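This report concerns only the one structure given below.
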Amino acid sequence: MALPSTISTAQALVGEGLPATLITQASDAHPKPQGHKFTYGTAGLRTKADTLDSTCFRVGLIGALRSKKLGGKTIGLMVTASHNPVEDNGVKMVDPRGEMLESSWEPFCTAIANAETSDELVASLEKLVAHFKVDLSAPASVVVGYDTRPSCQTLVKAIIDGLSAMGAQTIDAGLKTTPQLHYLVKCLNTQGTDEAYGEPTEEGYYKKLANAYIKLVSGKGESAPLTVDCANGVGAPALLNLTKYIPAEHLSVRALRTATSSPNELNHGCGADFVKTNQCLPAGYDKEDVKAGERMCSFDGDADRIVFYYLKGPAGAKESFRLLDGDKIASLAADYLSELVKVAGIDLELGCVQTAYANGSSTKYLKQRVPVTCTPTGVKHLHHAAESYDIGVYFEANGHGTILFSASAQRKIREASPGSPAAQGALEQLSALVDLINQTVGDALSDMLLVEVILRARQWGPEEWDGAYEDLPNKILKVNVKDRFLFKTEDAERRLTSPAGLQDKIDEVVGKYKDARSFVRPSGTEDCVRVYAECAIASELTPLATSVSKLVAEYA
Ligand code: 16G
Ligand code: MG
């Protein structure tokens, strides 16, 4: 695909204040659904697509203001509802270095999305401008991407109306995976500098990943086929495009669930969320000739998340399904990178970041090898924590994650003088891995290639990878409550502080089971409370999880 096209150029703002007349006129064409409450949550604003028009228009306005606040740096807006059904949609903001929107802006986004009238909207924008001291005469630049949902077209139009009302330069990046949009934002903001991240085009993204991958796997033998479930989403065309840059001897992919022109198929019975939640193959895979020992993986609907799996025995037998989730990817990557750093002979601290959802066995395994931190759920929390290590490996169990190399780690890798041929080889690999791994956000395509690289280097199939540790049986239940905001947590969501007394009751229940752990947290994306439970004995899992859920329901 070609360079993103500039679809509207900057329009100077007249006077000192907000262009209130332009905003009001444009806003009248994007009325807010009366009484509807929006929240900027873990992954932006997300809900039913047919209620999101006003929100998208307003996010356009905010995106322009964020860019102005940062002196005209390019901000990203991604329209997607990830693993959710096709009727849903959402929009999230990406900051200039490719990371999530600075969290102090989130409450303002919520307030602006909820302003009932155009006048209230202007007033809430003025509050943001005053609070963050936004210089309205600064230029603004915003790049917009979207996934395969049919609702994206009108929502993008609403965003563009918002951007135009603010006179922002708008770059329409078109159909993109979420991580591609993050990549573009970082490239656009670093081009021409010492930290240039890459060519700011989709093609540049494929070339960067493919070149690094080819360097890493060359001379390591032919690749056995990898079956990829693309969730019938944007990951399908992206995977197809990526493979054009990688010779088949290096990556042999069987792409399934690629029906992007059948909208209702998006994430339907397939995708990373389906596989992780149900701990089974995508629906219909038993008829797809999948074989025991074959590597398989699933993307989610916007391709920022991946899980792997394989069958130990015949397809159809539930017990033969083995999941290799985000925790298993983290352990594979942390082990491999630690070894490379050691062989390279450089002094770098590698650490791992997980959330409370990480399987207890994975945490135990990792803690025996590297420092491990736990953060609340949501990519932004893990990402920031990972920045405190020289090499920060972060993964949520659900398959969101990546690896960050600090600027000084990258310099050390570039400038080290190797003491042996082995050290030189390790340094070359580390340097290629810096390019292979998307440093802006978890990326299904990039993570898929990373796993392929490590398995090839180790000459491992999925079974050897799986052998690192045995997951404790676990499940997540959803409890519908009247007000999920009554549930407040501490200690990286591992304990409840409110409702009063509930945590003690949970502790009491958990104490009855062997090696058990359970926690309760309000969802950041849905109107419910989630209950996680794990324990040593499989037959005790359901009683444990249902007892904790009952306690929650009694308090709700
Ligand atoms: C969002 C988050 C994901 C988190 C999930 C939890 C991003 C990009 N995505 O999808 O990291 O695991 O929410 O959902 O941050 P929940 O709060 O509904 O359990
Ligand atoms: Mg996603």
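For all residues, glycine too, the Cβ spot is worked out from N, Cα and C.
What TrEMBL lists as active site, phosphoserine intermediate is Ser82. Secondary structure at Ser82 (active site, phosphoserine intermediate), as computed by DSSP, is coil. The local packing around Ser82 (active site, phosphoserine intermediate), expressed as other Cβ atoms within 10 Å of its Cβ over all shown chains, amounts to 28.
Here Asp302 (Mg(2+) binding site) comes close to Met78, Thr80, Ser82, Asp147, Thr177, Thr178, Gly233, Val234, Gly235: these same-chain residues lie at least six apart in sequence, with C-beta atoms under 8 angstroms from its C-beta. In the three-state DSSP scheme, Asp302 (Mg(2+) binding site) falls into the coil class. According to TrEMBL, the feature Mg(2+) binding site maps to Ser82, Asp300, Asp302, Asp304.
Positions annotated as substrate binding site by TrEMBL: Glu396, Ala397, Asn398, Arg521, Pro522, Ser523, Gly524, Thr525, Arg530. The Cβ of Glu396 (substrate binding site) lies under 8 Å from the Cβ of Gly326, Gln354, Thr355, Tyr357, Ala358, Thr377, Val379, Leu382, each on the same chain and at least six residues away in sequence.
For 75-114 (among others), the entry in TrEMBL reads domain 'Alpha-D-phosphohexomutase alpha/beta/alpha'. For the domain 'Alpha-D-phosphohexomutase alpha/beta/alpha' (75-114), the residues of the chain that approach it from at least six positions outside its boundaries are 32, 37-40, 43-50, 52, 54-56, 58-64, 66-67, 121, 124-125, 127-128, 131-132, 140-147, 149-152, 155-156, 159, 176, 178, 181-186, 189, 197, 231, 234, 263-264, 266-268, 271-274, 300-302, 304-305, 379-380, 383, 439-441, judged by C-beta separation under 8 angstroms.
The domain 'Alpha-D-phosphohexomutase alpha/beta/alpha' annotation in TrEMBL covers 117-192 (among others).
Marked as domain 'Phosphoacetylglucosamine mutase AMG1' by TrEMBL: 222-307 (among others). Counting residues of the domain 'Phosphoacetylglucosamine mutase AMG1' (222-307) by DSSP class, helix then strand then coil, yields 23 helix, 15 strand, 48 coil.
Marked as domain 'Phosphoacetylglucosamine mutase AMG1' by TrEMBL: 325-460 (among others).
Per-class residue totals from DSSP over the domain 'Alpha-D-phosphohexomutase C-terminal' (498-545), listed helix then strand then coil: 17 helix, 13 strand, 18 coil. Sequence annotations record features per position, and here TrEMBL assigns domain 'Alpha-D-phosphohexomutase C-terminal' to 498-545.
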Largest inter-residue Cα distance among Glu396, Ala397, Asn398, Arg521, Pro522, Ser523, Gly524, Thr525, Arg530 [record-listed substrate binders, Å]: 17
Binding-site residues close to ligand 2 - of Asp300, Asp304, Glu396, Pro522, Gly524, Arg530, only those whose C-beta is under 6 Å away: Asp300, Asp304
Cβ under 6 Å from ligand 1: qualifying binding-site residues of Asp300, Asp302, Pro522: none
For the Mg(2+) site built from Ser82, Asp300, Asp302, Asp304, further residues of that chain with CB within 8 A of the site's CB center: Thr80, His83, Asp147, Thr177, Thr178, Gly233, Ala272, Phe299, Gly301, Ala303, Arg305, Ala444
Close in space, distant in sequence - Gly524 (substrate binding site), Cβ under 8 Å, 6 or more apart: Gly41, Thr42, Ala43, Thr377, Gly378
Neighbourhood of Asn398 (substrate binding site), C-beta criterion under 8 angstroms, separation at least six: Ala272, Asp273, Lys276, Arg305, Val307, Asp325, Gly326, Tyr357
Cβ neighbour count (within 10 Å, all chains shown) around Asp304 (Mg(2+) binding site): 33
Per-residue Cβ crowding (10 Å cut-off), top of binding-site residues Asp300, Pro522, Arg530: Asp300
